[in-house]
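Novice: Sending over a structure as structure tokens; questions will come in a sec.
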Amino acid sequence: MTSTFARTKRREPRPYLSNNAVIALCLAVTLMEGYNLIVFGSVVPLLLEDRSLGIDEQTTGLVGGIVYAGALAGVIGGTMLADRIGRPRVMALAAAIFGFGSALAALAPTPEFLGGARLVTGVGVGAALTTAMTLARNHAPQGRGSLVITVAMAGVPLGGTVAAFVGIFLMPLWGWRAMFWLGTAMTLVILALLLSSRISEPTEVHDTRLTPLQKFAGLFRGRGAAFVALVALAAITNMATWLGLNVWLAEAMKTRGFDLTQALLFAFSLTGAAVLGSWFTATAADKVGSAKVTIACAALTLAGLAGLLWGPSSLGAALVCVALMGIGGHSAQNLINATATVAVEPHSRGTILGITNTMAFIGSFIGPFVGGLAFAANGPDGLFTLYALAALLCLAICTGLARARKRLIADVETESAPVPARQ
């Protein structure tokens with residue numbers, strides 16, 4: 001009687017989330033990543049006016065870039081920790097970290113404190129990005145890997161759009177600190193969802209005895225070394241161009257003679273086209289192959305930059321060129337990730353995505369920095385020429401990546417083929 005009563009009182013475990021629910025949750029996480037990553041750019045004008053903080057332009061640039069140093073550490077640490085405690089737990093921990101960093105930023109009394117807060121935010125963002133992308137990819141339906149990665153990554157530019165839109169109404173009333181408090185509050189909501197959800201991982205993903213170091217070393221066996229090198233170089237060159245354009249496009253177009261409203265329209269066109277175009281490129285990638293569409297996206301970025309350098313200077317023509325750059329830059333990065341995951345074993349997806357995201361954050365730091373040097377030396381033409389050269393290099397690398405992927409998959413299939421029995 002007692003045992004029967006105990007069994008009836010025992011709480012049944014919550015069911016696991018469906019694949020679609022996991023992907024939606026990963027999108028929510030990357031949206032908050034995007035908000036916490038990009039919100040700094042929205043508050044810069046008020047930061048510089050805040051005499052109590054006492055921050056200048058040079059320090060603001062350093063504080064703005066330090067988040068990527070934290071992100072590098074977060075990608076590496078999150079990837080290694082995921083193999084020990086599982087990706088769902090790492091994603092929740094990462095969300096807690098970047099939410100904590102947002103709260104610290106809201107409380108910052110000095111530029112040094114604000115820089116430390118952004119460093120903490122970067123650690124959480126880096127760990128969450130790779131984890132969310134890997135979880136979403138592991139729950140993708142057969143043949144929909146590129147589309148699912150695109151869905152998950154769409155949260156980053158969407159989060160930045162939310163930050164820019166909310167800032168129009170919030171900052172005039174409550175100041176720049178309110179933006180970070182809002183980020184903290186929204187992150188707490190996402191964290192509550194993560195902690196209350198049960199997320200499974202496919203058996204083929206976690207059913208391995210390989211250590212993180214063995215998984216990493218395994219990627220470099222045979223032709224894998226060339227493939228990983230090309231993935232890394234593609235991520236660096238693409239993100240250097242894409243993030244550099246995000247930072248400098250509006251100022252470059254303003255310098256070319258467009259007014260402030262038109263310059264901001266170019267920035268909106270860049271990110272808007274990136275999000276909308278990514279759905280079409282992802283669908284195409286799942287039909288004809290992510291590596292082939294990556295080449296096309298890299299070519300779009302180059303075509304857009306060439307149009308700005310040598311094409312018509314009208315507003316309409318320039319907007320078309322900027323839209324091409326937006327579609328190409330954002331989609332290329334999504335599909336570089338998709339191409340990388342298709343060519344490795346399921347249990348190594350998190351490792352290869354850790355590499356691509358680490359290289360992407362390096363490119364994210366290099367692009368705006370060298371772009372600033374080119375802009376200071378030669379104005380908009382120098383800026384666009386630099387990024388056109390980077391885009392051309394990325395196109396060449398992506399072409400090589402497609403060939404390396406084909407050879408690598410052929411090798412894997414040969415190794416896994418059954419050996420004929422001797423007669």
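The backbone N, Cα and C atoms fix where each Cβ goes, and this holds for glycine too.
Nobody curates TrEMBL annotations by hand; they come from automatic prediction.
Copying in the features that TrEMBL gives for the protein in this structure:
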TRANSMEM  21-48  transmembrane segment
DOMAIN    22-406  domain 'Major facilitator superfamily (MFS) profile'
TRANSMEM  60-78  transmembrane segment
TRANSMEM  90-109  transmembrane segment
TRANSMEM  115-135  transmembrane segment
TRANSMEM  147-170  transmembrane segment
TRANSMEM  176-195  transmembrane segment
TRANSMEM  224-243  transmembrane segment
TRANSMEM  263-281  transmembrane segment
TRANSMEM  293-311  transmembrane segment
TRANSMEM  317-340  transmembrane segment
TRANSMEM  352-377  transmembrane segment
TRANSMEM  383-402  transmembrane segment
Novice: With pairs restricted to those 6 or more apart in sequence, evaluate whether the transmembrane segment (352-377) and the transmembrane segment (115-135) have 3+ C-beta pairs under 8 Å.
Specialist: yes
Novice: Answer yes if the transmembrane segment (224-243) and the transmembrane segment (147-170) have at least three CB pairs under 8 Å among residue pairs 6 or more apart in sequence, and no otherwise.
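Specialist: In this chain the transmembrane segment (224-243) does not contact the transmembrane segment (147-170) - fewer than 3 Cβ pairs sit under 8 Å.
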Novice: Does the transmembrane segment (176-195) reach the transmembrane segment (263-281) with at least 3 CB pairs under 8 A, where each pair is 6 or more residues apart?
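Specialist: No, since the transmembrane segment (176-195) and the transmembrane segment (263-281) share fewer than 3 Cβ pairs closer than 8 Å, they do not count as touching.
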Novice: Six or more residues out from either end of the transmembrane segment (317-340), which same-chain residues have a Cβ under 8 Å from its Cβ atoms?
Specialist: 133, 137, 145-146, 149-150, 153, 157, 231, 234-235, 238-239, 241-242, 245, 249, 253, 258, 265-266, 269-278, 281-282, 285, 290-291, 293-294, 297-305, 307-308, 311, 352-353, 355-357, 360, 391, 394, 398, 401-402, 405
Novice: I'm a bit unsure how to read this: which one of 21-48, 263-281, 383-402 has the highest number of Cβ pairs shorter than 8 Å with the transmembrane segment (293-311)?
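Specialist: Looking at each of 21-48, 263-281, 383-402 in turn, the most contacts to the transmembrane segment (293-311) are made by 383-402.
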Novice: Averaged over the domain 'Major facilitator superfamily (MFS) profile' (22-406), what pLDDT does the prediction give?
Specialist: 84
Novice: Name the range, of those listed as 147-170, 263-281, 383-402, that has the largest tally of Cβ pairs under 8 Å with the transmembrane segment (21-48).
Specialist: 147-170
